[in-house]
Amino acid sequence: MNVLIVDDEPLARERLARLVGQLDGYRVLEPSASNGEEALTLIDSLKPDIVLLDIRMPGLDGLQVAARLCEREAPPAVIFCTAHDEFALEAFQVSAVGYLVKPVRSEDLAEALKKASRPNRVQLAALTKPPASGGSGPRSHISARTRKGIELIPLEEVIFFIADHKYVTLRHAQGEVLLDEPLKALEDEFGERFVRIHRNALVARERIERLQRTPLGHFQLYLKGLDGDALTVSRRHVAGVRRLMHQL
C-alpha cells in the first residue's frame, strides 16, 4: 500500500519514512508534504492509500485536511501522528483510523497501518456523514487513552461496558480499555445499540447469544466474542433482556 507522509518538521518526516520502510507491504510516496495545502495537492496527484498526518501545521492543519478528505467518495485512510493527545475526539469525527502520539513506536505504527484497509475507509467516511435529519447523532468511534496513545475503537466492535468505581471498562474485539466516561452518559448516547443488564453493565444487543439460569437461580448472559465467558444479569433486568431476545 502507498503511504503519504504529511508533517511540517523534516526530521519527523524522515523518521516516519524510515519506520514505514522497515515494514513489508508499504511504500512511502515521494515527495512528502510539509503542510495541509501540499497534502491535498499530493493526495490528488499521487492517490495514496494511507496518509500519515500531523495535526499542528501552518495554514491548513491536519484536522482540516482530514475533514476535506471526508467529503470524497473513497478517501485515503488517515492516521494522525502528533505530539498532542488532546485532539482525539476531533480525530474520529474526521474518520481517522489511527491516532499515534509522537515519538511513534514501530509496533504501534504497524498495527495502525494494518487497520487502514480500503473497505474500512469507505465505511468510516459513511459513518461520519451527518444524519439526514440534521442532528449530530451518536459517535461512530470511542476514544480511549492507552499506552499506545489514543486508541479509536469502532462502535460496532464494542461488546460491553462495565462500570467500576469512577472508570468504565470497554471490552471490544481486540481487548479491553478504560474510559473516563459515566456509564449513564454512554447509555444515553448509544441506547439504541446497547441494553442495560445490570446497574453497572451495558451489552451490545447484536452480541447477545443466550440467557441461562444457574443452579443457584442467577441469570448469566452469554455474548458472541467472549469465548464462553458470561455476564451476570440482575433480576430487575431479566424480563427486559428476555423481551429483547424475542425481538432479535
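Cβ coordinates are placed from backbone N, Cα and C, and glycine is handled just like the others.
Taken straight from Swiss-Prot:
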type: DOMAIN; residues: 2-117; note: domain 'Response regulatory'
type: MOD_RES; residues: ASP54; note: 4-aspartylphosphate
type: DOMAIN; residues: 142-247; note: domain 'HTH LytTR-type'
In three-state DSSP terms, the structure that ASP54 (4-aspartylphosphate) belongs to:
coil
For the domain 'Response regulatory' (2-117), provide the mean pLDDT of the predicted model.
89
